[in-house]
Amino acid sequence: MSGNTLGTLFTVTTFGESHGPAIGCVIDGCPPGMALTEADVQLELDRRKPGTSRHVTQRQEPDQVEILSGVFEGVTTGAPIALLIRNTDQRSKDYGNIAETFRPGHADYTYWQKYGVRDYRGGGRSSARLTAPVVGAGAIAKKWLRERFGVEVRGYMSALGEIEIPFVDWSHVRENPFFAPNADIVPQLEDYMDALRKDGDSIGARIDVVASGVPVGWGEPLFDRLDADIAHAMMGINAVKGVEIGAGFASVAQRGSVHGDELTPDGFVGNHAGGVLGGISTGQDITVSIAIKPTSSIRTPRRSITRAGEPAVVETFGRHDPCVGIRATPIAESMLALVLIDHALRHRAQCGDVSSATPRIAARAPDAQ
């Protein structure tokens, strides 16, 4: 399994399985001299951890992070940073009934066909549990980006199933378990999830992520374009089946006279490009949306096959998220931050001394509609 590392200069390699003794990651390339404590990382992990509301898995994992290396006297040294998160609430017996059967919609069948061996306990390596160390690494990336460039990476749930969630204010996001930017709609979301759980079914979600303050110039054409790497990272999140940058698929129905973001001396007039042109950041907000599929682990009986190829019926029991999108916001934020810090370092390495006589215009013109 050779695809466990993300990044070029700032790299993150994750390890562990859902029901193993621990999960974690090794971060290489973090700049030295940044103040860092376990509490800095824990703040982000607490936003993602399970068991925080009745609408998510009731697996009770404290997700307490340990920094094993790369930090001395509270400061990063430039050496690899190892983060460890111990698993404490595994219930492997819940998965005994699927040891010989493939769960529809999961990685069971493909992992078995590719590797010839499968850890069926909670999905093993393919579990969304492995997003915890990604969030830990993302906490470090977000801190460096904020302190070095003033970049803020924030996200929110913009749709739960067929329920669209109009954006009201960022302050609402941290006040509810859905990361919804609209407090008035939360009771409707709660009723929706309660009915879904009663039916033994699941649903998908859309998450929007915004990075503000990214300078113009980040991105490495042709094949490491900033938006290409963002899409690559977002598709590495469990259950993500679609990624949009800026207007995304809405661009199909837009005319060039609408979609093209005009430039004026006072700033850009629009941001349909989502903050990236030619694979390089424009200085505008980078806007990303991801589509998350419904959880495959549901109580409704589903047809499948056994390892011997015989027909079978699968009913999934245990502790599962009826919508994995509810906890996906900090994960998507972390992925975007990891791509941005990597490109910040790559830009500094090759083009740090480049200057242009053309003034850098504002992210948005004052009179832009």
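Glycine is treated like the rest: Cβ placed from N, Cα and C.
What Swiss-Prot records for R48, R54 is NADP(+) binding site, and it gives sequence analysis as the kind of evidence. Marked as FMN binding site by Swiss-Prot on the basis of sequence analysis: R125, S126, S127, N238, A239, G278, K293, P294, T295, S296, S297, R319.
Annotated features taken from Swiss-Prot, shown on the structure.
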residue : record               : Cβ neighbours (10 Å)
R48     : NADP(+) binding site : 23
R125    : FMN binding site     : 20
S127    : FMN binding site     : 20
A239    : FMN binding site     : 20
K293    : FMN binding site     : 17
T295    : FMN binding site     : 24
S297    : FMN binding site     : 25
C-alpha spacing of R48 (NADP(+) binding site) relative to K293 (FMN binding site), in angstrom: 18
Between R48 (NADP(+) binding site) and S127 (FMN binding site), the C-alpha gap once rounded to whole angstrom: 14
DSSP state at R48 (NADP(+) binding site), helix/strand/coil: helix
